[in-house]
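Novice: Dropping the structure in here first, questions after.
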């Protein structure tokens, strides 16, 4: 171990023995303490949800590891030489091992197999012949013979080695399935602690939601703007989605007679369960769940995580994404929502982000095409996606994160992670302690790829700590960029969400919408600050069949259903001290009283979400508490160091020299200025003194 590092560890130990919290130490020690904590968590708190020894014999289910990666039924399949195989298993193996092709197509009616270099163009959503018997009629038989079930073989082509794939495969060339769509969520706690909570309804989640989550009055957080709230949901849609819910298998939550929802749902609120993992049928193992998007930080919310979605967003000209005549994303006429890679839970904040990064992608394509005119559409798309994704990750790492966690040590640590170095102030402090050598401060981006002995995936616990619905305001009040004053227009959450989001873009100028997001505050991550409208929200028909849901109750239920430990046990398993009593959790007397009553004065029953929102004190400048931050320290670094395109392949050979320069020069302010340079004339003046685009602009 480096002598300078040992000296610093002894200094940290001395401060902690004085009874100080870790965030009360000098900022360099805080940063190094978190780096050390990260290493401990990397060693003890990463768990794969697949068995260590995967059976050679595949299960008949859709899974990239233990089953078959089924992409769907396709018609008019004529490419690839046709031959016969006795089963789709043999067809897939032949295409992988012999033909070295990424896709296999198999017709179960006649045993025809084809090995393909790309996914066929014509998806057959009716599953005619793929899923139903063929008839003896001549024309129908001819029709059937050209319809195939298509599978991903997990062969990595040369193009897949050089670019991010749509489904997330081939990031790791030794384990192509790792982190791909449908790969299981991992865990941050040992698997024997992840069984479904046997007290699913204790205490009643609806009662908890009503009493300590529901917003009584809007509590703003004034260190960030509403743009920051839109940003984090934009990130979450990149990282995880549990897919369509299991509407046939439901949880019945009893309602009290004085509950305002009682008359509509009596005697209970019926909540659909999470879609089960179709490949985990062993009763001796805890339930596992699949990610319906890629696990990688890859802008899949823009580009899609499956081929069909990706086709819908691309223009197939010069690598670009589709935009309409007004320069905005085209609208799906069936839903009234923008056509993009992921559009569930849509609102104005997401619409802004998706349009900004779509424009950024197309601007990168223009830059590349001017310098490399011989690149074809696919090559331009692939390079632009790599660059655009890295820009997004850089902004999140060194701008969004230091905005919501506004702390010098955190800012410095994030710069180190990205490879910008700790800065002069850090070296000056170290020299003042007679430390002249580097104590082991190393960047993650551009360094070696590290998996820590565990295949990469995002985790159920990671999903849990990013439940940040309190950020959303109940009302979006539009301001004028010209006058800086409120207009007469104010929209309730349902009226700025789903298909209503585009109506706001039609009624108001982009300048006023963007300015509103730059100066308005989101809600604080605390108790009694869940948006009122989320407790009785009517979803659009294309989402969960248009059900009416209480998001706050569901947030509590999901942790219990998916086996996320309760607050104190979670802290123990994540190497944090448990909280001894509700009085030690928070100084808010009203919160203490309500929580003691709800949880029968048993701190061990406290749900992770509730404890995380209630806990005090928060580290200096932090928008959320220590419990969530501890997992953030782990997974924020894990996303970077496990990704080949952010580590060993983060170079000019992969991104081009011009692409690397583009990433270096980009920040959120420059992104906004370029995205809206034709739409918002006064934006440069508004942003000229803005230190961080996620801080309030006023």
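Glycine is no exception: its Cβ is also placed from the backbone N, Cα and C atoms.
These numbers come from a predicted model, not from an experiment.
Dumping what TrEMBL says about this protein:
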type	residues	note
ACT_SITE	247	active site, proton acceptor
ACT_SITE	466	active site, for cyclooxygenase activity
BINDING	469	heme b binding site
REGION	262-281	region 'Disordered'
Novice: What are the non-local neighbours of residue 247 (active site, proton acceptor), defined as same-chain residues 6+ apart in sequence with CB under 8 A from its CB?
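Specialist: Looking at Cβ-Cβ distances below 8 Å from residue 247 (active site, proton acceptor), excluding near sequence neighbours, one finds 272, 544, 545.
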Novice: What three-state class does DSSP give the residue listed as 'heme b binding site'?
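Specialist: DSSP call for the residue listed as 'heme b binding site': helix.
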Novice: Tell me the Cβ contacts of residue 469 (heme b binding site) under 8 Å, same chain only and six or more apart in sequence, or just say none.
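Specialist: Residue 469 (heme b binding site) has long-range Cβ partners 530, 531, 534, 551, 552, 555.
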Novice: Which residues, sitting 6 or more apart from residue 466 (active site, for cyclooxygenase activity) on the same chain, put a CB under 8 Å from its CB?
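Specialist: 232, 236 - these are the non-local Cβ neighbours of residue 466 (active site, for cyclooxygenase activity), listed in sequence order.
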Novice: Could you give me three numbers for the region 'Disordered' (262-281), the DSSP helix, strand and coil residue counts?
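Specialist: In the region 'Disordered' (262-281), the DSSP-based counts are 4 helix, 6 strand, 10 coil.
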